[in-house]
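Copied from Swiss-Prot, the annotated features are:
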BINDING   D10, H12, H44  divalent metal cation binding site
BINDING   10-12, 36-37, 58-60, 63-67, 102-108, 134-137, F141, R144  4-CDP-2-C-methyl-D-erythritol 2-phosphate binding site
SITE      H36  site 'Transition state stabilizer'
SITE      T135  site 'Transition state stabilizer'
Amino acid sequence: MKIRIGHGFDVHKFGAARPLILCGVEVPYETGLIAHSDGDVVLHAISDAILGALALGDIGKHFPDTDTAYKGADSRVLLRHCYALARAKGFVLGNLDVTIIAQAPKMAPHIEAMRQILAADLTSELDDINVKATTTEQLGFTGRKEGIAVEAVVLMTRKHD
């Protein structure tokens, strides 16, 4: 069995007059995130982790913000595309661990819905998907409620024939 680990990180700033979408879930908050796509910072970090595990670059390479085709793009579609690239190379998700770093809004009420969506989009068992959230104790840009940061780690496996 071949095993690959990928790490993804992304940050987006609050300020867009649109819904806050995280893992495909609309999270009630006063503002959304500024981005070329729908701004789903969690799915961007996960997509980067998958691409990184397979040495396929990053989401900026695959979905450049200079391409109008991705203006307002649904990040779930982008994530499924990244996972399809992994599947085409014979890899499947072993597990996913995500940390959402935000002072606000509170994520706890939305974590299970996020896990359900990720399990469906990554054709994985719910037990293979972990999403957690933390604050920075009011320190830094996330502590000042200026934006959200996310770290994602994936383990990808391929069985040899």
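Placement of Cβ uses the backbone N, Cα and C atoms for every residue, glycine included.
A map of Swiss-Prot features onto the structure.
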{"residue": "D10", "record": "divalent metal cation binding site", "Cβ contacts under 8 Å, 6 or more apart": "V41, H44, A45, D48, A149, V150"}
{"residue": "H12", "record": "divalent metal cation binding site", "Cβ contacts under 8 Å, 6 or more apart": "L33, I34, A35, G39, V41, H44, G147, I148"}
{"residue": "P105", "record": "4-CDP-2-C-methyl-D-erythritol 2-phosphate binding site", "Cβ contacts under 8 Å, 6 or more apart": "L20, V27, P28, Y29"}
{"residue": "T134", "record": "4-CDP-2-C-methyl-D-erythritol 2-phosphate binding site", "Cβ contacts under 8 Å, 6 or more apart": "T99, I100, I101"}
{"residue": "T135", "record": "site 'Transition state stabilizer'", "Cβ contacts under 8 Å, 6 or more apart": "I101, A102, Q103, T142, G143"}
{"residue": "F141", "record": "4-CDP-2-C-methyl-D-erythritol 2-phosphate binding site", "Cβ contacts under 8 Å, 6 or more apart": "V11, K13, G147, A149"}
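Sparsest Cβ environment among the recorded positions H36, H44 (other Cβ atoms counted within 10 Å): H36. Counting every protein chain shown, the Cβ of F63 (4-CDP-2-C-methyl-D-erythritol 2-phosphate binding site) has 20 other Cβ atoms within 10 Å. Within 8 Å of the centroid of the Cβ atoms of D10, H12, H44, where the record puts divalent metal cation, the same chain has further Cβ atoms from V11, L33, A35, G39, D40, V41, V42, L43, A45, I148, V150. Secondary structure at F141 (4-CDP-2-C-methyl-D-erythritol 2-phosphate binding site), as computed by DSSP, is helix. Between the CA atoms of H36 (site 'Transition state stabilizer') and F63 (4-CDP-2-C-methyl-D-erythritol 2-phosphate binding site) there is a gap of 10 Å, rounded to the nearest whole number. Residue environment of S37 (4-CDP-2-C-methyl-D-erythritol 2-phosphate binding site) contains 21 other Cβ atoms, counted within 10 Å of its Cβ in all protein chains. In the three-state DSSP classification, H36 (site 'Transition state stabilizer') falls within coil.
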